[in-house]
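Here TrEMBL flags 227-236 as compositional bias 'Acidic residues'. Residues annotated as compositional bias 'Basic and acidic residues' in TrEMBL: 237-257. The domain 'STI1' feature in TrEMBL is assigned to 135-174. Among the features that TrEMBL reports, region 'Disordered' is placed at 196-257. Per TrEMBL, the feature repeat 'TPR' maps to 2-35, 70-103, 249-282, 500-533.
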Amino acid sequence: MADEAKAKGNAAFSAGRFEEAIRYFSEAIDLAPTNHVLYSNRSAAYASLHRYAEALADGRKTVEIKPDWSKGYSRLGAAHLGLGNHEEAIAAYQKGLDLDPNNEALKSGIADARAAANRSRKPSAASPFANIFQGPEVWAKLTADPSTRAYLQQPDFVKMLQEVQKNPNNLNLYLQDQRMMQVLGVLLNVKMRDSTRDEMESDFPEPEKKRPQAETTNKAPHKTEPEPEPEPMEFTDEVKEAKQRKAEAQKEKEKGNTAYKKKDFEEAINHYTKAIELDDEDISFLTNRAAVYLEMGKDAGNTLLKYEKISLMMDHSLEGKLKKLATMKNKKGWEKKSEYEDCIADCDKAVERGRELHSDFKMIARALTRKGSALVKVAKCSKDYEPAIETFQKALTEHRNPDTLKKLNDAERAKKEAEQQEYYDPKIADEEREKGILLDLDIILFHTLIRESGFNVKRILGDSESFTYSNRAACYTKLGALPEGLKDAEKCIELDPSFSKGYTRKGAVQFFMKEYDKALETYQEGLKHDPKNHELIDGVRR
């Protein structure tokens, strides 16, 4: 029961329904009060709603139950940071790093805490917006405006606004929230513009506004001594050179954007690389180059695949086809890894450099999202999706973008589907990882084996006829040809009722066809012949 409530809480958290997530995690805690992970997850949900006091309590409970778990200190540090307790946040993150020195979340957290601590030590003037949040007319304005009326129904936003009214300096804590920016626009009578940007940035300078000429009057000008014009500011050679290099870097970026739109990827990479060499303080060059590598990874090997498939189908002998398949598997073009690895490397550099330069959090989120997309592309089994899911979650902590959230949900769905497939045949993940075989290549192989002599394994390997039908049923199952797979599995059982593999094949097909009652009967029938068969036992449990 606790695991079920936890799973519902995780799903709600991933979808951004934090109140719902807190409710499920609380139910799970009632059922398993010593489970440190539940307190950690609820702390994250509280922090997402800016309820840092509750997040701190859960963070403390987490490290109390599991003091050697580094993630607990990450939750504790985030809560302290949200409350403005910078030194406590640094101490919490440091404890976590003592346990796990390579934890990226802890490294990022302690860097943010130190930066916040440095900013707090500098003398700061009172907020220029201190007065606009005072008085009852604030609520009336927000209720009257259709763009902010719905916010007043959101408890986390109401609490955020109340905290700003108590202490206007708290406004700096919530400026990253788009709702607060919209409220500022309403209270200041300023039209706020959406800040979303295209996938590939285009930096166009705004035209300079012309100043209105002073009105002429008929009065005689008063004779005064002409004021001396200010002397133009002189820049050092180093400053001039730096400005020139930045300007050249932007030109290279624009050329790269143009080449990318034309799908001239090699040319785009050359321009972005030149931009990076000219100016290493703009991480958009790295994220743009990563986007190119990501697109190249999608196309890598497609040309090879096209011609190799033609060659494969032209060879009419089974032996010749199998030899070509073996050759194709060993070619690097089939792996499609190098471009994705380059994409991941560029994204890592962008995040690292962005942290150093205190770059816009949206840019860092974009780099993390691209990295997650590349990790999904190279995933071959369920475990390979875990770093991608973690990366998307990190991106959402930087900036809650709908596209990133969709990619996270897709990755979690793909992981679940892979787990179901591996549950049926656990060897699949290990075999694919070791051999580097692509799924489309496996499909070609299965088509080939099925066509050639009706997959006559008896003739090739000297096995029994029931074994022949069992293997062909497995091929049909992987191809998604479930009716044909069911037919071969039933034929296998008919030929040898004591052959347990026939029952596992039939049960798997019925399971994928969602005929769960029939699948259960099949697995139970197989256990009568082989009571200790693990595949049949797992099938009944499933």
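Note that Cβ sites are derived from N, Cα and C of the backbone, with glycine treated the same way.
Nobody curates TrEMBL annotations by hand; they come from automatic prediction.
In the predicted model, the repeat 'TPR' (70-103) has a mean pLDDT of 90. Residues 41-42, 44-46, 48-49, 65, 155-156, 393, 400, 405, 408-409, 412 of the same chain sit 6 or more residues outside the repeat 'TPR' (2-35) yet have a Cβ under 8 Å from a Cβ within it.
In terms of DSSP secondary structure, the repeat 'TPR' (2-35) contains 27 helix, 0 strand, 7 coil.
With DSSP states grouped into helix (H, G, I), strand (E, B) and coil, the domain 'STI1' (135-174) comes out at 32 helix, 0 strand, 8 coil.
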